[in-house]
Amino acid sequence: MMVLEGASALSPFRRARLETRLQTLVPALRLTGAWHVYFIRADAGRTPDQATLQRILQAEPAPAPRDEAASSRYVVPRLGTLSPWSSKATELMRGAGQPIQRVERGTRIDLAGWPEGEADQAAVAKLLHDPMTQSLLGSAAAAEALFNVPDPGQLERIPLDALEQANGDLGLALAQDEIDYLRERFAALGRDPADVELMMFAQANSEHCRHKIFNASWTIDGKPQERSLFRMIKHTHQQTPQHTLSAYSDNAAVVEGVPAARFRPDPATGEYRSEAVVPSAFAIKVETHNHPTAIAPFPGAATGAGGEIRDEGATGRGGKPKAGLTGFSVSHLRIPTLPQPWEAPRALNPRMAPALDIMLDGPLGGAAFNNEFGRPNLLGYFRSFELAEGQGLTRAYDKPIMLAGGLGAIDRNQVEKLRLQPGDAVIVLGGPAMLIGLGGGAASSVAAGDSAEALDFASVQRENPEMERRCQEVIDHCVALGTDNPIRWFHDVGAGGLSNAIPELLHDSGVGGVIDLARVPSDDPSLSPLELWCNESQERYVLGVPQARLDEFAAICARERCPFAAVGVATAEERLVVGYGVFDAANRESGIGNRNSALPAAEAASAHSLFPTPDSPLPINLPMDVLFGKAPKMHRDAVHPAAPQWPVLQTGALDLQEAGLRVLAHPTVASKSFLVTIGDRSVGGLTAREQMIGPWQLPLADCAITLAGFETFDGEAMSIGERTPLALLNAAASARMAVGEAITNLCAAPVQTLDSIKLSANWMAAAGHAGEDALLYDAVRAVGMELCPALELSIPVGKDSLSMQAQWQVGNGESGIGNGETPAPSASAIPDSRLPIPGETLKSVSPVSLIISAFAPVSDVRTQLTPLLQREDESELWLIGLGGGKQRLGGSVLAQVYADDSALPAFGGETPDLDDPQRLRQFFELIRDAREGGLLLAYHDRSDGGAFAALCEMAFASRQGLDITLDAWGDDAFRSLFNEELGAVVQIANEDRAAFADLVERHALTECAQRIARPTGTPRVRVSGQGRVLAEWRWEALFDAWWSVTHAMQKLRDNPDSADEERAVARNFQAPGLRPKLVFDPSEDVAAPFVATGARPKVAILREQGVNGQIEMAYNFERAGFRAFDVHMSDLIEGRVDLAQFAGFAACGGFSYGDVLGAGRGWATSILERAALRDAFAAFFARSDTFALGVCNGCQMLSQLKDIIPGAEHWPRFLRNRSEQFEARTALLEVVESPSILLRGMAGSRIPVAVAHGEGRAEFDTAVDQAAARVALRFIDGDGAVASQYPLNPNGSPDGITGLTSTDGRATILMPHPERTPRSVNLSWHPAGWGEDSPWLRMFRNARVWCG
């Protein structure tokens, strides 16, 4: 084994942060350093070139510890597994000609003062590594165990009389009637079950997978109910089936879209083309991933996003994920640097991550997966809620809600799956099996705390988004074949792993199957049959393909370097047989064999006829109806709880000034910027409305909007509605308000009719907790039987998660909060009434929670509305409220921020509600008609924080003050400002007042509408009523309260200096924001004369595995008059394509090789370390008639090729952003005078651009290089000065440098993404006078002009 040491693994501030956390455990412990370490095993009998390895890894031979007093610990991938990093890095090194069997990366951590006590050592070890995916070693030599091949685990038989014990030992979460069912079925089979059969049954029949409660029969308060919960949900679709193409029968629902043309490469030639405009469709799906996020926030949220993405991809015969949404509900954050008066200390569950850790790490996990996969995340919500309900019981989200959803494109001819036929191949597409996520379906179906801690961690999956991107590229290619798509039917692999996905695949087609476990790709040879069959390793799909097309399918996968295995065959007999070495004699001897060798003949009809007589009993040999047959049906007997006892908030003693600041500072109301800027929102080039709005880029949009294609202004919109705290007082009202809020949010988009809106309903509850079952039934009935039918709304898709409670027993010394970033308060800080008693059982129970996501096709996206106030001197703000004159405060944020330390805070009273559904219909039609009539300048819905929060957010977004007048609102200023009834604030020009008032009257909403405020240019917000000023705030004071959570969270999570700089920029009332300036006319098509000749030069749209920005890049070149071709690096390596045939190439953005060697370095290494490929690129660059463009990941890659690019010798490398965070921003660029052929005639322009990268900070070898480099683009502020302040300069590059060119201008590299905004409508904000073409399209037209 060779050991090399690389660069420091921690930046100074992250090192200091880790040391602080270590010292909270062991005060004398010192962190003296942390370095990347590489462990390399060569092929037997061969020696790799060490100099080459050092060059590729940027590493040196490992020295001795740098501090003699230090004790070194090595964090390495879990022994016995192969990390995703290793598989990619090993592939790179082999491609570079190195005889490497495997390379792994670890981290050497040097510590002084290593503790002697076992408890302290265990606590430190837990902080240093994740035991699910990592091992902690005491020496580098011990890492030799990484390369050991352990013996596989064995199959176990479980005696029928031991099923109850196995239920607990294996964490099966089976009910007694299910155990009795299994005992009866296996007794009839005459044998004991195998452990793998029990685990498979438990996963396939878990509450998570089979939704037993939603399908149960019900008795409420002694009265039998006619309908199940699911039947009431289906009632909405039965009443309003129009516009829905698929409901309840697939991985996602499919709804009608607008006519559009797909733009994609021809699968035969690789040339990109716009297909004919046809009626389109889109898939919609929203999942939750609550249990894994509670246990391990980053991977839990990441795999939640990944699983939902796979659902969209596996819809019909193949969909294309397009835009995502994310949401979180947690308990109080308790930020150490931002204590809040409503956050009373209490004991927390030591087996679950606290809310602060969840919100520091979970959003990063979800964002990272979306970013690397290449799906923009355009929508979200965040709620923090916690309320005491008596000794030992808290109503809170200790078990969080982690929402992951989105919409995806799907061709109409791919919506219906085709049944598998006997003889069809059963394929596993994607990554290898590993011992992760074992039993996740069952684990997420029980209350947190009811299972063993080891089982909790075993149930959490781990993510590899770059692998999922490769799978999606395979799916896209198959779909592009149209009706000739080789995929008949497929599922994503989620809960239960292959043990759930493959039986579902077969059962849905009415067939059985024989599966060879020896063919299942695995990176862990120690896996037992149970572990191999049931683990939930991510980024996998199962699909059926005719055997006659296996070679074709294999070629598609090989081009994308996407692993797949033909693991079995469908049979006519409906029996599932699973064993080892089923199809190949060699497999029976070695346990491995060729995973894609020939399968049995298609005419096979019997499972037994395919299986040779085994030497030992089969792991699985069951009739399919054991899994999918008549398992016991659940019955729920529920009773309504007593009326809530929380007192009513008395507003008479409150201070209005203080109340406004508190409400804005509550995390549910406060700025979500820290959750938004970590996620890419522009990838794909079809975004028309993201969260950020206006020149000052604040995250205040009410909904998200995407374009249906590159050449239409129609598209799709989505929004979220949720008002979960209200359920503690009125569950039905909470559900109605969730639906209402989703609609009022969606009104900002040009949706034409209510019946075109389709809802996803995500239901959460603590099933079994006293009264909660009845409240859940009330909520479902209110929506499914009453509200949605009345409004012609349907719910074709959804999800339930009904174990939303956590319980634990207090041990000695557990007196307060203590986990992760959150310090433990002393016992004296907790009121006596809240002090837990050792041995006491504590419980946290969430409210009944409905999260509604609304989706709809939209017409002209240019007519969308945002909260950005137009700077009209003569305008006013109107409130349209749907509360029928009521101003109910029960459950409001105002009540929450005045929750005191008493046992029952003043949270109660009557809640907001949608008393009259038709009033919401009238509101929807009013806003639609007013928008189409050009009467609305701005729009913002009223929600948490009431009209006061909505008004302040509009003022923040627009850098304006407000004069608010309450005279027409009633006598109680608190009720007027802070009630959270449904409604919206709109801006109307004075000249349109009469026309708007007339429209309001025509829609019978005159009693609901009132003029409430005027925008001003003064930095203050003033509230007046009854002839006097009731309160007045400085604009900055209100903004600081609203920004406080983002600032505090960024300081904990990111570079604290960057957080301080952003706050200074954001709170500056006088800041100019984005202030574009153009020196050319974007509507002038300078390439038109050249295009008119009919000549269309060929350009290669170059991508490597993990690249995700090729489609929008190709569109820009095609639009400018080129023939754009999809060229994978494997095409060049294997000689299918020659770079010499192209006039230019564009290296696209993404995460090539998952950036395992640093951003773009893996891609560059694959070129530089292959002599033939290096020569081909060098020859291309040397030609005087070629050009090259590198964007983002392509920029990083080309910067590593500077030695073979003439005139690029002074280019920098690109390192981690100064904020140490992925940055997704709209920034202002200045086009600098340079030789770049792409930027001719643009110098001096200042143009907004999408930025999305984690490693964009330019670093030059020397000051001479920086001075000599040909800078083409730089970040500037709104006044045109070079930007040095974050986030105006989002990556911290010197002098704002973010684009460079070669001395002759033929090679240009840039970190921002101009290719994502070919049309003005793609920009987050642009001046009103800009036409259809974005200024950035000029770059590509310039390239066409240069080609002649």
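We number each residue from 1, going along the chain as drawn.
Backbone N, Cα and C atoms are what each Cβ position is placed from, and that goes for glycine too.
The record from Swiss-Prot ties E741, N745, D941 to Mg(2+), and of the options D702, D800, D900, D992 it ties D702 to that site too. In this structure the C-alpha atoms belonging to E741 (Mg(2+) binding site) and C1192 (active site, nucleophile) are separated by 38 Å.
A straight line from the CA of N745 (Mg(2+) binding site) to the CA of C1192 (active site, nucleophile) spans 34 Å.
A simple way to gauge crowding: the CB of C1192 (active site, nucleophile) has 31 other CB atoms within 10 angstroms, across all the protein chains here. Shown in sequence order, S719, T744, N745, L746, C747, A748, L865, T866, P867, Y939, H940, D941 are the residues of the chain, 6+ apart in sequence, with a C-beta less than 8 angstroms from the C-beta of D702 (Mg(2+) binding site). With a cut-off of 8 Å between CB atoms and residues at least 6 apart in sequence, the same chain places G685, G1109, E1112, M1113, N1116, A1146, C1148, V1191, W1336, F1340 near E1315 (active site), listed in sequence order. A coil conformation is recorded for H1313 (active site) in the three-state DSSP classification, outside any helix or strand. Shown in sequence order, C703, S719, G721, A742, I743, T744, L746, C747, A748, S943, A984 are the same-chain residues outside D702, E741, N745, D941 whose Cβ sits within 8 Å of the Cβ centre of the Mg(2+) site.
D702 (Mg(2+) binding site) carries neither a helix nor a strand DSSP state and counts as coil. For C1192 (active site, nucleophile) paired with H1313 (active site), the C-alpha to C-alpha distance reads 7 Å. All protein chains considered, the CB of H1313 (active site) has 25 other CB atoms within 10 Å. Summarising model confidence by region, the domain 'Glutamine amidotransferase type-1' (1099-1348) averages a pLDDT of 97. Its Cβ taken as reference, D941 (Mg(2+) binding site) is surrounded by 25 other Cβ atoms within 10 Å in the chains shown. When secondary structure is read from DSSP and collapsed to three states, D941 (Mg(2+) binding site) falls in the strand class.
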